[in-house]
Amino acid sequence: MRGILILVALGAATIPQASAAPNDRQQSMIDLPLKLYQNGFNTDLVTIGTPAQATRLFVDWTWIGAYTVSTKCNHTNNAYGCLAPGQKLFNETQSTSLVNQTNLYPTRTWNPNHFFMDKDLTAVFASDIYRVGDRESRLTLQLSQLNWKASFPYPFSGIFGMSPVFKSDNMSIQAPFHQMVQQKKFHSGLTSFIYCYSDEPGYKSPSKERCNGNDGIQTLGGYHHRDIGWRGIEWINTIVFPIVNDIDFIYNPAFYNYWSIPVTKHFIGNEEQALNTTTGSAVVFDHASYGRGAAMSVASYRRLVSITNAQPVNLTMATLPNNGKQKFYSVDCDRVDSFPAVKYQFGKWRRVWSIEARHYISKAKTMDGKDVCVLNVRVIGQGENFVIGNLGENFAKDKVILFDFEKNRVGLADFRD
């Protein structure tokens, strides 16, 4: 999903900066340990403020900035007048290093948005000391400013946004990693992701040791050569794809800061599927809830249902494999190895990248209590042919996903066994 947002205000200017890290540390990488929750991958490695306050941040490839749940509620500091009991937050009133930035960046409100849907997502701005492992910087924060009552606590206290940054973007909508790169806290603007999944009984999964016992690792400042398969990294330049805000991630006001790349071919096995010829076709990388499932069109999903002899099924809400609006279909669990891969090509003459059948089949439970295998496919778009889709957990299995903040490009590599 993209589960939370709650924001507040504060600001900027000339105040003591965070102490510089030693030179060798500035040039090294940091591995963010990731745990997989319903909303997506969260990390506990970041602290904010003085004295340092612990956080649990949602690492979100599709959010613009360093969003922080604060005490702000209806323009007061009555945090739990808006937040649900038990909600974790950053108490900005207790940080001696926080600086108000409302004079630099006006309050922003998005409605609709993909966190609170038709409730206001409002942010006010401040700067404070932000620590990622042993690295620290003074960053601009998006502080939550709620004007409504949350009905439940969200599983994190902020967002570690990782959207790409455009030249015209000021610090109020810049990813925290990008802000730290600009302050030379990292030698490189590269970041990489590996997924040590363990949700496919009967199949070989990456050892949790590869992720230091975690569900995933988001490496900041580069990538580990040991993870890259023998074919190396394929780099694809990102594109701005305006239809994303009409049918995929819908915000008002709109923004287009996504790791989106063009799709030039789409296959089921070796059978090519139709693309949209009017708008072109693209995918967005999102390893949170909107990125679950294999990205397919109405027509290609229908074809996969036919090939796999899948049958319509009603699933319990708790076991739905993704949050798409399409129907779900069950398949014979014993035939999974015979099903074709779902494939994509991201540029003429480039490699074809696959989601193997075992990666797009998920276990679920029917309304009458039966355990079934289902096609974990998510369909977005208008009309029959492929327009846009999101690639996340299912695509990331057995791959390394890289983002280059300095050149705005996506890198793909096989995850070395």
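Note: Cβ is positioned from N, Cα and C throughout, glycine not excepted.
Residues annotated as signal peptide in Swiss-Prot: 1-20.
As annotated by Swiss-Prot, domain 'Peptidase A1' applies to 42-413, with the evidence given as sequence analysis. In this model, the domain 'Peptidase A1' (42-413) carries an average pLDDT of 97.
If you look up Swiss-Prot, you'll see Asn74 (among others) marked as N-linked glycosylation site, on the strength of sequence analysis. In the three-state DSSP reading, Asn74 (N-linked glycosylation site) counts as coil. In the structure as shown, the Cβ atom of Asn74 (N-linked glycosylation site) sits within 10 Å of 12 other Cβ atoms.
Sequence annotations record features per position, and here Swiss-Prot assigns N-linked glycosylation site to Asn91 (among others) based on sequence analysis. In sequence order, Gln53, Ser70, Thr71, Ala79 are the residues of the chain that are 6 or more apart from Asn91 (N-linked glycosylation site) and have a CB within less than 8 Å of its CB.
The secondary structure of Asn100 (N-linked glycosylation site), as reduced to three states from DSSP, is extended strand. Taken from Swiss-Prot, the feature N-linked glycosylation site applies to Asn100 (among others), supported by sequence analysis.
Look at Swiss-Prot and you will find Asn170 (among others) tagged as N-linked glycosylation site, backed by sequence analysis. For Asn170 (N-linked glycosylation site), the same-chain residues 6+ apart in sequence whose C-beta sits under 8 angstroms from its C-beta are Tyr105.
Classification of Asn276 (N-linked glycosylation site) by DSSP places it in coil, neither helical nor stranded. Annotation comment: Swiss-Prot describes Asn276 (among others) as N-linked glycosylation site.
A coil conformation is recorded for Asn314 (N-linked glycosylation site) in the three-state DSSP classification, outside any helix or strand. Around the Cβ of Asn314 (N-linked glycosylation site), the number of neighbouring Cβ atoms within 10 Å comes to 10. Residues or ranges marked as N-linked glycosylation site by Swiss-Prot on the basis of sequence analysis: Asn314 (among others).
What Swiss-Prot records for Cys333-Cys373 is disulfide bond, and it gives sequence analysis as the kind of evidence. For Cys373 (disulfide bond), applying a Cβ distance below 8 Å and a minimum sequence separation of six or more within one chain yields Ser330, Val331, Asp332, Cys333, Val336, Ile361, Ser362, Lys363, Ala364.
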Local Cβ density at Asn100 (N-linked glycosylation site) - other Cβ atoms counted within 10 Å: 17
Recorded positions: Asn276, Cys333 - member with fewest neighbouring CB atoms within 10 Å: Cys333
In three-state DSSP terms, the structure that Cys333 (disulfide bond) belongs to: helix
